[in-house]
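**Q** This structure is in structure tokens; I'll ask about it shortly.
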Amino acid sequence: MTCLPQPMPGAKKLGLVIDLDTCVGCQACATNCKEWNASGQSGPLPDLHPYSAGAEGVWFNRVHSYEAGEGAAGRTVHFPRSCLHCETPACVTVCPTGASYKRAEDGIVLVDHAICIGCGLCAWACPYGAREMDEDAGVMKKCTLCVDRIYNETIPEAQRQPACVLACPTKARHFGDLGDPESPVSQLVRERGGQALMPELGYQPVNSYLPPRNRSSLAAQPEAAAPEAIGNPLLRWMDRVLSR
Amino acid sequence: MNPAGSIVLFTTASGAGYGLLFWLGLLRPLGLVPGQGLVALALALLLITIGLLSSTLHLGNPRRAWRAISQWRSSWLSREGVAAILTYIPALLLGLALWVDAPVLALAAGLLAAAGAVATVYCTGMIYASLKPIRQWHHPLVVPGYLALSAFSGAVLLAMLAAFAGGGAVPALLACLTGAGALLLKRAYWQAIDTAPPLATIESATTLGFIGKTRPLEPPHTEQNYLLREMGFCIARKHAAKLRLIAQGAGFALPVLLALLALLLGGLPAALALSLGAVLALGGLLIERWLMFAEATHTVMLYYRG
């Protein structure tokens, strides 16, 4: 049913917290996501012309890089973009078939590939570009928050996390329950001032992005006009010899 | 947004078909349309059906299209499907009433068919108007635009058929009025979307505005993908300006003038003038519908292009 579930107080809201301070843009999350989902619930994930010009495919996670600010105050920021599992996802309510749905028990937004007609309206309704059409199967696909991993009792408990989170070498990705104010991810969002993407559109994303820390104190200092006096006698002697 | 041919054809053909059905359902029982009206009804249903079939070509899984009528409680696309199917019932009953000459049934079925036509086109408009990430569609003039274009193209077609059946000044007059109204509405819409501010910025899309002005540095992929093809379609501003002029001239101004001319001439010349007007109107509307997609921008492109 494409009507949204009634929001219950204290309900689970599973999602990701992404640290823009420590993401190094290595694409490991995107690669591991593709690897897992190509064979899991969403598989196969098509790749068109994989070995020739015009190679492209369906990916649930795309890592952009941006420059923000100018000069010494500027930053290069790597920015992974995937489904935010919004609290009011229009991608679900526009679906004419009931293939798109938001789970009441944990808030994950999913597509039932067995009934999707591939009209593409949900992709139009998503402001974040989280959905990509599988043009081989004619159905829409998207991030499942690795629903086939996180509840999977056949894999070790430590690995019951989304593939992107497990792959991240800098621990820039965190998975947890953002509906519980005391969960580690909620505390992280509180401490670091986590932000929602495009909050003005009112989709209420569950995923949160931690802002890059302020590094202005580490920014390159302008060169001193006059050299300071050299304290070390050996260096002072070398400076004198080399200055001849 | 990528102007998919099947959707452009659907909104033009079905829009004209529902407009024709609307005017026929209202005017024929009142005796304001000459002739039996069955030809007009057949043309309306033909256009509607061609459009609906064309829209299923846009689907990844057309054989599952029947599933699209299940979620009418939340989805405007689903409501459109339901309204489209339900409208066939009074439309066919109207056909029966005209065939056996049952005026009471014709009046009731005609009114219901007209209401169904309005409801279906309203739902079509709402599919687009409800999409927040596309500011050119999420606009209060989009639904009135769909209704006006449908009423206008339907009136032109009915005027043409009425002229061939030997008279009927009312449809031609309606074509003039709805054409002028639709043109004014469309110009107001273009003016509004040209001056409206963007919905969001790359800074709000990335949260990086607190550092400063943000610009894309490295793309996430070097080749195309579905998002770029579907949402990244761009039309050069100069082409858009020219196409708007062509749409206004061919789609609205000339058909209205031809309808006026037909009102003055009467007889066969009127029928010929209105035929030319109908062809021009539908051609112009195809361009206008294409522009409706080509000029629309989606917020996901903020991530790619800033």
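Positions of Cβ are set from backbone N, Cα and C atoms, glycine also.
As listed in TrEMBL for this protein:
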{"type": "TRANSMEM", "residues": "B:7-26", "note": "transmembrane segment"}
{"type": "TRANSMEM", "residues": "B:38-60", "note": "transmembrane segment"}
{"type": "TRANSMEM", "residues": "B:81-100", "note": "transmembrane segment"}
{"type": "TRANSMEM", "residues": "B:106-129", "note": "transmembrane segment"}
{"type": "TRANSMEM", "residues": "B:141-162", "note": "transmembrane segment"}
{"type": "TRANSMEM", "residues": "B:168-185", "note": "transmembrane segment"}
{"type": "TRANSMEM", "residues": "B:245-265", "note": "transmembrane segment"}
{"type": "TRANSMEM", "residues": "B:271-291", "note": "transmembrane segment"}
**Q** Would you confirm whether the transmembrane segment (B:141-162) and the transmembrane segment (B:245-265) meet the contact rule of 3 or more C-beta pairs below 8 angstroms, pairs 6 or more apart in sequence?
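**A** Taking Cβ pairs at least 6 residues apart, the transmembrane segment (B:245-265) and the transmembrane segment (B:141-162) are in contact, with 3 or more under 8 Å.
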**Q** Six or more residues beyond either end and a Cβ under 8 Å away: which residues meet both conditions relative to the transmembrane segment (B:7-26)?
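**A** That would be 33, 37, 40-41, 43-52, 54-55, 58, 84, 87, 90-91, 94, 109-114, 116-118, 120-121, 124, 146, 149-155, 157-158, 171, 174, 282, 285-286, 289-290, 292-293.
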**Q** Ranking B:38-60, B:106-129, B:245-265 by the number of C-beta pairs under 8 Å to the transmembrane segment (B:81-100), which range is first?
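**A** Maximum Cβ contact count belongs to B:106-129.
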